[in-house]
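Trainee: From TrEMBL, for reference:
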{"type": "TRANSMEM", "residues": "25-47", "note": "transmembrane segment"}
{"type": "TRANSMEM", "residues": "59-83", "note": "transmembrane segment"}
{"type": "TRANSMEM", "residues": "116-139", "note": "transmembrane segment"}
{"type": "TRANSMEM", "residues": "151-176", "note": "transmembrane segment"}
{"type": "TRANSMEM", "residues": "188-208", "note": "transmembrane segment"}
{"type": "TRANSMEM", "residues": "220-239", "note": "transmembrane segment"}
{"type": "TRANSMEM", "residues": "281-302", "note": "transmembrane segment"}
């Protein structure tokens, strides 16, 4: 490849392709993606999906966050840091990917809206089938005269995305027929996400040696740090514009910044030759590392500061409700006691003011 880092990356790609573990990585990436998509399908309930379609706020937020804000952010970062075409395409693919399952787990930890989180993830995954190739085609125009963009396999990207529909549909069917099995598969998919990322780091480091991370430009590291952080901020701002409650803002924030790095890895690994993509295959793994770390800091800050105030506000609302309810019951009891006064007592009570007046 061309560009300032093209030669070294191509050399790494040759080494990458010559190693016997390369095929094993492809299998691991494919299986990990299938398990993740199966877990996503198992998390979707048809009743909730119908409600969201009648009031498609989650669908609209997924559209704006994943296919307007994040692709534009990736494009601008690639321009600002003057990436070569190989690194730019890797960043663009990651920015155009739909939401990932990590956001569902993090939404639980920050007391978010799980229904909204799952619907946004599922919606963005389905929308990606059409919008991800379109976004890649639009934003890669800046590097159109380079070899990597001319060989950008949009058809293979669409095929990879289409292959995710089968496990998602199977997961929805399992949820409908066997809810308990679906709950178990959701947990398995979350753990497989973490295990797959760890194994990919280990195997890739074994294949390319300890110098791999040192060969990635510092600008790519900077983007891997800034991109998820900016995505979280954009998502929170987007939810604020829609005047959503705080727990929904946290959910939309995580959904926007958390990308499906397994899908990004699968596209880079399965649709580009190792000689062409080189060590930029590592970018989604770096993104996964930093998006997880930053989301973890988000969760930690919420646990330390936000959760107590959230509980106090909720408790205060419940106490106010209880007090007003008690007062109302006391008034009702008082009214009932007056209603049980006998006729003689009622007459004597009425006579007292007359005697006093006299």
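Glycine is treated like the rest: Cβ placed from N, Cα and C.
Unlike curated entries, TrEMBL annotations are predicted automatically.
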Trainee: Per the 3+ Cβ pairs under 8 Å rule, pairs at least 6 apart in sequence, do the transmembrane segment (59-83) and the transmembrane segment (116-139) touch?
Mentor: yes
Trainee: With pairs closer than 6 in sequence left out, are the transmembrane segment (25-47) and the transmembrane segment (116-139) joined by 3 or more CB pairs under 8 Å?
Mentor: yes
